[in-house]
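Asks: Checked TrEMBL, it gives:
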- 83-180: domain 'Rho RNA-BD' (DOMAIN)
- 129-172: region 'Disordered' (REGION)
- 137-153: compositional bias 'Polar residues' (COMPBIAS)
- 154-168: compositional bias 'Basic and acidic residues' (COMPBIAS)
- Gly223, Lys224, Gly225, Gln226, Arg227, Gly228, Lys235, Thr236, Gly237, Lys238, Thr239, Met240, Arg266: ATP binding site (BINDING)
Amino acid sequence: MSTTTTSTAAPSSTPSDEALEGLLRAELHQLATTLGIPGATRLRKAELVEAIAAKRVVAQAAPVAVPGPAPVPVPVPDTDPDGTSISGVLEIRDGHAFLRTSGYLPGPDDLYVSMGQVRNLGLRTGDLITGTARSEPGNSGNGRKTGRSGRSNPSDRSERTDRSDRRTALGRVDLVNGRAPELMRNRPEFTKLTPLYPQEQLHLETDPGVLATRVIDLVAPIGKGQRGLIVAPPKTGKTMILQSIAAAVAKNHPEAHLMVVLVDERPEEVTDMQRSVQGEVLASTFDRPAREHIALAELAIERAKRLVELGHDVVVMLDSITRLARAYNTAAPTSGRILTGGLDAGALHLPKRFFGASRNIEDGGSLTIIATALVDTGSRMDDLIFEELKSTGNMELRLDRRLADRRVFPAVDPQASGTRREELLLGPARTTATWTLRRVLNALDTQAATELLIDRLKQSPNNADFLRKVAVSRPADAA
């Protein structure tokens, strides 16, 4: 048992909540490091503000040193000599819990978490936990599997010997989702939150020259809590559209937590997305097994749910839900009910559950999911997956291969694209102008309508100016 003494507090050195909101993320990282907040570099801006504010509350409650005799030492429990600060995302599976410290996939540095800690603190899969690591005796470390005889695999034996048959486990829990652990026990459950239609638009328009997001705002607006599909044949520019949407969300809505989930993707596209997106980019490339694709997607959506439970707005972009459904079809046990194209009937339930998590919450918070769906690939399975999923969404953006072949970008089909209950997002005046625009475009064929829309947008500095021209003109003159 070791001892420590109370120290002086300086709460005035920490900015107020309003001042914290005005700081840049880099400044918040520096302040959090100065205050000794562990895992600060892994926290987003909103989580940094909460952690710094919680630190200030603790500092204000600490006793202030006054002249007099030395304070009586307060005994504290001994910590393990190799205890280090650590943070990661919790995953609970099959009665075991692990802290994923190197991303959302299992890794060699993951920590074992006892189920006693999970129950006592009310922890859930997807919680971001900051605490300390410690070593403890164990027959297997970090979730490594043993053979039927209970003995470790030969490849693991030398490592187990070097580690003296000990495993690294989570010790003290300091923060859960950037807040004190005791505050997490009574949080609401995601499934019990009341879903509503999206009522606040995610404005994607940025620069006049970024036409993709301007077109989306006009023909298929996205709201907080939207469940949208980008229906894309091959080589129609869906990756560029995803990057444009992600950049617009990061720029126009910094309060939203942005997550881009890439499943069964090409490695070079993963690198490109990581360099261009200001948010979390989680990827499992095509050379990885199907169960890894599934594990990444499931932990990512659970992380998003935990943030929504705390009132945050989360935007998840999935590329693609078709490949995720294929992974479920590969990994799921055969039910004996095989549909056309080799798709197992039971494999569609889990992609629907992922997609169905998107919702706008009545008391605050939202989970927006924008997923790409592949069509016209020559695979009957891909077409069937889209047919099953299209009725579950409330927004659809259709890309056209003929437009892409003519190098018309963004290759959006404005006639087939749309959003359910778009009037809740746009307001009366903008809804009227948008419907007038649709009447003009629907009188033309797809190619002419898209080329006309893009040409007129290039002549307008912003969408508001474009819609004003549409509203004051006659439908016949709008073209």
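Cβ from N, Cα, C; glycine included.
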Asks: Which residues, sitting 6 or more apart from Lys235 (ATP binding site) on the same chain, put a CB under 8 Å from its CB?
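Replies: Long-range Cβ contacts: Arg401, Ala404.
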Asks: Considering every residue in the domain 'Rho RNA-BD' (83-180), what is the mean pLDDT value?
Replies: 75
Asks: Test of understanding: give the count of other CB atoms lying within 10 angstroms of the CB of Gly223 (ATP binding site).
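Replies: So the number of other Cβ atoms within 10 Å of Gly223 (ATP binding site) is 23.
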Asks: If you count CB neighbours within 10 Å, which one among the binding-site residues Gly225, Gly237 has the smallest count?
Replies: Gly237
Asks: Which residues of the same chain, at least 6 positions away in sequence, have a Cβ lying under 8 Å from the Cβ of Arg266 (ATP binding site)?
Replies: Thr285, Phe286
Asks: Among the binding-site residues Arg227, Thr239, which residue has the fewest other Cβ atoms within 10 Å of its own Cβ?
Replies: Thr239
Asks: What does DSSP call Gly223 (ATP binding site) in the simple three-state scheme?
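Replies: Assignment for Gly223 (ATP binding site) reads strand.
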Asks: Under DSSP, is Thr239 (ATP binding site) helix, strand or coil?
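Replies: It is helical.
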